[in-house]
Amino acid sequence: MSSPPLSQGFGYGIVLGLGFAFALGMIGTTWALKRYQNEVQTSEMFSTAGRTVRTGLVASAVVSSWTWAATLLQSSGIAYKYGVSGPFWYASGATVQILLFATLAIELKRKAPNAHTFLEVIRARYGAATHITYMVFGLFTNILVTAMLLTGGSAVVNSLTGMPTPAACFLLPVGVVIYTLFGGIKATFLTDYIHTVVILVIIFIFAFTTYATSNILGSPGKVYDLLLEAAARHPVDGNSGGSYLTMRSKEGVIFFIINIVGNFGTVFLDNGYYNKAIAASPVSALPGYVLGGLSWFAIPWLAATTMGLACLALENHPSFPTYPNRMPIADVNAGLVLPNAAVALLGQGGAACTLLLIFMAVTSASSAELIAVSSIFTYDLYQTYFNPAATGKKLIYMSHTMVIAFGTIMAGFSTGLFYAGVSMGYLYLLMGVIVSSAVLPASLTLLWKGQNKWAAMLSPILGLACSLIAWLVTTKKQFGEITVDSSGSNDPMLAGNVVALLSPVIFIPILTLIFGMDNYDYESMRAIRKGDDHDIAAEAHVDLELIPGERAGSNGGESEELEQKNLEKAAKIARLTTVAMTLILLVLWPFPLYGTGYIFSKKFFTGWVSVGIIWLFFSMLCVGVYPLWEGRHDIVHTIKSIGLDILGKRRPPIQGRVANVHDEKSAEEIGEKKLAT
């Protein structure tokens, strides 16, 4: 843009003001939960939220954690490059991982009910060497995801407000670090809900403006006509008829494959997703992840179908920021398609909406990464190798330290990437090359008792070596040199990503034949114990057994057996559901349209857009309305208690009982009733 539509002051106000507002809100929420719901911030509560989070909040947290800056910016850029196929390839290629992860989430709840991180499970089965290997891959994943969030978010903040990119890199994490410190993973669930609702509302604003109310566009038919004109001016190489209105796109399908491979790594190796599975109550993990995945699908699909195509339709209009020229490809890769379209459609209002949208996407996903990394360093490094007898206080201190340290380090690292010319789009394609070789052996840890420790430990390392060779050799062969631009093109990234994901298919059987098949019984996983929080409970004058998530053995052997039966049933449902959804989203829906080379008619395009808007309403019901309904009793109880406090009429809780239940019922009775239900 020739000049930013918003002032630097506005940018600092959003980045710092909203960040501190969320931090203050989380401090108040933590206080209210402690006072009215008897929640004590133990190490278990900080990392697992007491393992009691319900379906609606799990779904909204999945949506929020998976809605990166790239979800909105990269998907819109792909739509700008390849047309209507781009948003679908992005959405379907990144939804199936969440759906398939539901199976792993159930297996984790079944086989390691007291785990804090997935890496604890790796160590329990294979020992220290394999544990350290996966710790490195897990941290690679967290670093790449956080760097992508900050590089994409800072580029947009700079474009819209003129705030220096390094300043944005350092200031965006500030508020997130503060509210994560005070609330732990519970903070991420609660703020994820708010972030998700705001993101959905802004996408609705963009969609209805583009397809209903805009004086420039205002209907699917008008957008359709302008896309025909855009294809006439610059047809898309590799698309059917050079059209932007077809699912047959050669480069689009290459991106689709890269997208699928890369996102397997960033879901299956990101401890943040395991944290949410661990924090979910046993009956909420499966529906939470399935509803979350289906709800998330509409966000990149509709956002990119709206803003990516609006950018194409408006680039020849005087309101467009780069008029009369097309957007430079560097700006497209940096994620500036959506901001430019928003400014062209809504002026300063569009710029403000975009800034708020990206702030929400960056901060919500960043909080999950902070918790993921702090959990790894606290439980997998500090407690495992340095202080096995660490008290709850020491574990909390370590968690807080790592939240601050990781936030600071990533701000500096992202600034370095900016000066090196590495953009969000480059990192998005690179993820799979670096981490996807560990996806299959990590999954088989929970799914196959025959994988031995050598196959688990060596196949990711060998796969990484092969993927780097494939990526760089293809770059050199195709372009004659290895630079950021050449190595970031589609063909080298495709080679590296595919080799990374599929090479363990060869290495695991070979290593199994060489070193023999294991016959693991999963008992060492079940033996993982919770942290010792007796010191924190004693300081708070609370019986540890009455704190959610701290009870030693649920409610006895019969209850544990019933829970395991329910989880086994959920595991069967998860396998059937996720496989069916994967086939629909990856094969049955897109490829008939791809194979025929069909170019959308105006009516078909109108229906396509309408389905996207309807789906987003479904998402709002699942992750906006349902969590409120599910938590209505707790919300009403807390509001009433605050009112009684203000009036000076609230009775103090009875000693030895949980504060948020009626006096005539003990915590034991409530626990038994909930489990029976």
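Glycine too: its Cβ is placed from the backbone N, Cα and C atoms.
As annotated by TrEMBL, transmembrane segment applies to 12-33, 53-73, 129-151, 163-182, 194-212, 253-274, 286-314, 402-420, 426-447, 454-474, 494-516, 573-593 (among others).
Contact between the transmembrane segment (454-474) and the transmembrane segment (402-420) is not supported, since fewer than 3 Cβ pairs fall under 8 Å when only residues 6 or more apart in sequence are counted. Between the transmembrane segment (402-420) and the transmembrane segment (163-182), three or more CB pairs separated by 6 or more residues in sequence fall under 8 Å, so the two stretches touch. Contact counts against the transmembrane segment (253-274), taken as Cβ pairs under 8 Å, peak for 494-516 among the stretches 53-73, 163-182, 194-212, 286-314, 494-516.
Between the transmembrane segment (426-447) and the transmembrane segment (129-151), the number of CB pairs under 8 angstroms, six or more residues apart, is three or more, so the stretches are in contact. Counting same-chain residues at least six beyond the ends of the transmembrane segment (494-516), those with a Cβ under 8 angstroms from any Cβ of the stretch are 254, 257-258, 261-262, 264-265, 429, 432-437, 439-441, 444, 450-452, 454-455, 458-460, 462-464, 466-474. For the transmembrane segment (53-73), the most Cβ-contacting stretch among 12-33, 129-151, 194-212, 286-314, 573-593 is 286-314 (pairs under 8 Å).
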